[in-house]
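Peer 1: So Swiss-Prot lists these for the protein:
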{"type": "BINDING", "residues": "C7, S8, G9, G10, L11, D12, S13, V14, S15, L16, A17", "note": "ATP binding site"}
{"type": "BINDING", "residues": "C185, C193, C196, C199", "note": "Zn(2+) binding site"}
Amino acid sequence: MKILVVCSGGLDSVSLADKMAAEHELIGLISFDYGQRHKKELDFAALAAKRLGVPHQIIDMTNIGASLTGSALTDDLDVPDGHYAEETMKITVVPNRNAIMLAIAFGVAAAKKADAVALAVHGGDHFIYPDCRPGFIDAFQIMQAHALEGYADVKLLAPFVTVSKADIVTEGAKYGTPFDQTWSCYKGGARHCGRCGTCVERREAFHLAGVTDPTDYEDPDFWVSATSGFQAREV
């Protein structure tokens with residue numbers, strides 16, 4: 001199958017790109033600039049595309065992102081520290097983000113005669129993000145079948161949707177993903193902060209997978225206290 005991967009430049013989507021390149025015909029990576037404070041992630045998506053020898057397209061959604069207010073990822077709000085599953089992390093929701101991005105990705109995929117769009121949502125996303133859950137994935141596929149009926153048959157692949165981030169680390173290691181060439185931190189500083197929800201989840205995932213974490217964190221040990229009382233699991 002010819003696959004277009006939605007790639008932010010993060011650990012999950014870069015690992016997915018490597019998996020798709022190994023198992024199918026990867027025709028390109030598509031990324032989105034929606035005004036996120038951690039825009040440097042897009043540089044890591046570009047690195048992945050160059051390494052894999054495929055085109056990389058960045059869709060400018062900054063005008064749209066400016067209207068999706070109330071998120072710490074796009075507004076002048078503090079990104080909270082702590083575990084990814086805490087209620088405080090809801091401030092990182094960008095409303096309807098995946099639905100908007102996927103609608104664009106499906107249009108691009110149809111135009112490029114791709115067979116599928118691949119997305120790296122995973123079980124750990126379910127706590128906070130409704131557009132990362134299996135129900136959303138299934139419903140979006142049905143909607144797109146109607147939207148492209150008679151024009152194109154594009155599938156939505158979400159192979160990580162029911163597994164943990166630790167499982168993604170295992171998959172990435174299997175396919176040789178250079179984890180030091182991925183970006184997760186929502187704060188978008190010079191180094192991974194080690195304290196925001198996505199840094200904590202990243203650090204925990206390497207630990208649970210038994211894979212060496214090459215990431216340079218400002219606070220490499222915060223994850224231990226942040227994850228106490230939580231149990232990473234498949235959802």
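Backbone N, Cα and C atoms are what each Cβ position is placed from, and that goes for glycine too.
Quantities reported herein were computed from a predicted structural model and do not represent experimental measurements.
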Peer 1: Note down the number of other Cβ atoms within 10 Å of the Cβ of L11 (ATP binding site), including every protein chain shown.
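Peer 2: There are 26 of them.
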Peer 1: Compare the Cα of C7 (ATP binding site) against each of the binding-site residues C185, C193, C196, C199 and report the nearest.
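Peer 2: Result: the closest of the binding-site residues to C7 (ATP binding site) is C185.
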Peer 1: What is the one among the binding-site residues C7, C193 whose Cβ has the most other Cβ atoms less than or equal to 10 Å away?
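Peer 2: It comes out as C7.
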Peer 1: Excluding near sequence neighbours, so keeping only residues 6 or more apart in the same chain, what lies with its CB under 8 A of S15 (ATP binding site)?
Peer 2: A120, I168, V169, E171, G172, Y175, T177, T182
Peer 1: Rounded to the nearest Å, what's the C-alpha distance separating C185 (Zn(2+) binding site) and S13 (ATP binding site)? Just drop the number here, would you?
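Peer 2: Spelling it out, the Cα of C185 (Zn(2+) binding site) and the Cα of S13 (ATP binding site) are 14 Å apart.
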Peer 1: Looking at the binding-site residues C193, C196, C199, which has the shortest Cα distance to A17 (ATP binding site)?
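Peer 2: Nearest candidate: C199.
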Peer 1: Could you state the CA-to-CA distance between L11 (ATP binding site) and C193 (Zn(2+) binding site) to the nearest Å?
Peer 2: 15
Peer 1: What does DSSP assign S15 (ATP binding site), in three states?
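Peer 2: DSSP assigns S15 (ATP binding site) to helix.
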Peer 1: Do me a favour and check the Cα-Cα span between C193 (Zn(2+) binding site) and G9 (ATP binding site); whole Å is fine.
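Peer 2: Counting only the Cα atoms, the answer is 17 Å.
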